[in-house]
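Chemist: Structure provided below as structure tokens; questions to follow.
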Amino acid sequence: MTRSAPLLPIAYSDEVTAAKERGAPLVALESTIITHGMPYPGNLEMARSVERIIREEGAVPATIAVIEGVLHVGLDDAELETLAQTAGAMKLSRADLAFAIAERRTGATTVAATMIAAARAGIRVFATGGIGGVHRKAEESFDISADLDELARTGVIVVCAGAKAILDIPKTLEVLESRGVPVVTYDSPDFPAFWSRESGLPSPLMLNSPAAIAHFQTVREQLGIDGGMLIANPVPEESEIPRREMEIYIQRALDHAERDEITGKAVTPYLLDTIFRLTDGRSLATNIALVENNARLAAEIAVALAI
Ligand code: PSU
Ligand code: MN
């Protein structure tokens, strides 16, 4: 008797299965933003609305998460609702995505883990809010998100609203450049800073249409260049919180984090939560608006890639 290796426990939603069969454009979505990035019920509203926007644009959403040891690519509404209320979900990156599956745990995927799952499922475009990056004072803490290395190695286009201004944005851009990750701002010369349309830094590259982004990716593939690319899509003007104002809240949140000795995986969720409270929820409204904006662009890119 020959023993074959057991298959990876992976579950595609009906909608994703049908999309794969007919070759329809797909957009992956992460779940850490749901479990660790926003409070309930705003997180559920956001998760539902980004899926709706992707469908309106003619693509199919695939929210990715690990539920009781099964890697889900595409969640139905009941699963989305349960996840949005799961307090103890793990926050999974490259280091522990397989651990959660092996140990039959439930966990949400970060940008890095979502890219791994998307690539495995043949999904080429992924929408999120902001990527992880090089934290301020990283020269002391060594806190650099695994998202950056994942962008360098895994061939998925990640649409974000820039790097969160809680990070050290110049250092984050330096690391992306050293690792050979193209950073393309959509329709703006300024690299955006998540809640704000500007970071004070110019963007390395700029493109003005989903078709141009798809074409750039095609040429990268023709050259045999693997790895991902980052599309930075500035938050719509009517939803932005200007940089100078944000800086006050960010500084306060960083002081709180230092006082409470927050380290490791807990840093990003802690800072986001503190900023939500300091801005009386205004940062949450901005966060939802920018993710919706990114979902729309990601769907347009996925459609353009499929042409
Ligand atoms: N952007 C958001 N909210 C989030 C995150 C990003 O608007 O919750 C999450 C993403 O999942 C990202 C992660 O991959 O934070 C980065 O965490 P870390 O800095 O620990 O690598
Ligand atoms: Mn970190």
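Every residue gets a Cβ built from N, Cα and C, even glycine.
What TrEMBL says about a protein is an automatic prediction, not a curated fact.
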Chemist: According to TrEMBL, Lys91, Ser145, Ala146, Asp147 bind substrate; identify which of Val73, Val111, Val125, Val159 is listed for that same site.
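Modeler: According to TrEMBL, the candidate sharing the substrate site with Lys91, Ser145, Ala146, Asp147 is Val111.
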Chemist: Check the recorded positions Lys91, Lys164 for other C-beta atoms within 10 angstroms of each C-beta and report the one with the most.
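Modeler: Per the Cβ count within 10 Å, the most buried is Lys164.
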Chemist: Quick one: which residues besides Lys91, Val111, Ser145, Ala146, Asp147 have a Cβ within 8 Å of the substrate site's Cβ centroid, in sequence order?
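Modeler: Neighbours found: Thr32, Ser93, Thr110, Ala112, Ala113, Ile131, Gly132, Glu150.
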Chemist: Near ligand 1, which of the recorded positions Glu30, Val111, Asp143, Ser145 are found, taking a Cβ distance under 6 A to any of its atoms?
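Modeler: What lies within reach of ligand 1, judged by Cβ under 6 Å, is Glu30, Val111, Ser145.
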Chemist: How big is the gap, in Å, between the Cα of Ala146 (substrate binding site) and that of Glu30 (active site, proton donor), rounded to a whole number?
Modeler: 15
